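Before any comments, here is the structure.
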Amino acid sequence: MNQEVKSGKILSPSTPWTERQVPGIQVANEQQSLKATSTEPTIECPECHALVTRTAIAFNAYVCPSCDEHLRMKARDRLTWFFDQVDAELGQEFSAKDPLKFVDSKPYPERMREAQSKTGETEALVVMQGTLNNVSMIACAFEFDFMGGSMGTVVGDRFVQAAERAIEQKQALICFAASGGARMQEGMLSLMQMARTSAAIQRMKDAGLPYIVVLTHPVYGGVTASLAMLGDVHIAEPKAMIGFAGKRVIEQTVRETLEEPFQRAEYLLDHGVVDQIVHRHALRDTVSRIVSKLMNLP
């Protein structure tokens, strides 16, 4: 059995994620209260405005303990939370270029440096290979705080490499989508990633391997029009906003007010766009069970 050592403690793949130390996250033990205290930094829930300690919200997988609102997770934190054990990170050799010498209110390279400084990531997609409930798989997650999780050439490169590795090692690929769409600063090159990622997904299907998409808040544009809607199974987190054009753009076009829950996960479930809505606390076991069924694993 594979084991990993963190903070001087030996952990097996079956160790509950609440007992593991996630890089960059201070994990609370079960005795710690989920209520805010005066001695710890707090986060205000955007839904119920409750103040929750950073320790408590991390312990609760970034779900508000007061109202159950699903807060946004950073890509790296999500993948480390998702896997029992991370074996490798993929795609770090890819780095963004500026072939168009694109300048809007500031040069593209400057925007990239700002995004890297803000998130600590080199690009908007993080890819890891690991095990979940003793099943090896590959998972990728979009970092929405990196230029809105936009898809450029490096995101395409990393996704395609993840799919190719999954085919090579006969493993499932999981994608946690959270994106505003294609990256305008790369023009047609970013739009080409829609075709590249779609072709990579088709190769996975030809190989008989599962591709599962978890739609988190929000998913829009070219990512929705490609890799986010080509899964064998589509899972959404509660209340996630999912669409192609944004709600305001549609309202301005059709000159009508679109009432809630338009474009919410619940609306899409009612209209057959997603297969199920899964609470974040049940997500790991749900994905593990689906992968095991689709791959005929015990």
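Heads up, residue numbers simply count up from 1 along the chain you see.
Just so it is clear, glycine is given a Cβ too, placed from its N, Cα and C backbone atoms.
Some features that Swiss-Prot has for this protein:
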type: BINDING; residues: Cys45, Cys48, Cys64, Cys67; note: Zn(2+) binding site
type: DOMAIN; residues: 41-298; note: domain 'CoA carboxyltransferase N-terminal'
type: ZN_FING; residues: 45-67; note: zinc finger
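Feature map: Swiss-Prot annotations on the structure.
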{"residue": "Cys45", "record": "Zn(2+) binding site", "CB count, 10 Å": "19"}
{"residue": "Cys48", "record": "Zn(2+) binding site", "CB count, 10 Å": "12"}
{"residue": "Cys64", "record": "Zn(2+) binding site", "CB count, 10 Å": "22"}
{"residue": "Cys67", "record": "Zn(2+) binding site", "CB count, 10 Å": "12"}
Give, as a single whole number between 0 and 100, the mean pLDDT over the zinc finger (45-67).
94
By DSSP, what is the split of the zinc finger (45-67) into helix, strand and coil residues?
6 helix, 4 strand, 13 coil
Other than Cys45, Cys48, Cys64, Cys67 themselves, what residues in this chain have Cβ atoms within 8 Å of the centroid of the Zn(2+) site's Cβ atoms?
Pro46, Glu47, His49, Ala50, Val52, Pro65, Ser66, Asp68, Glu69
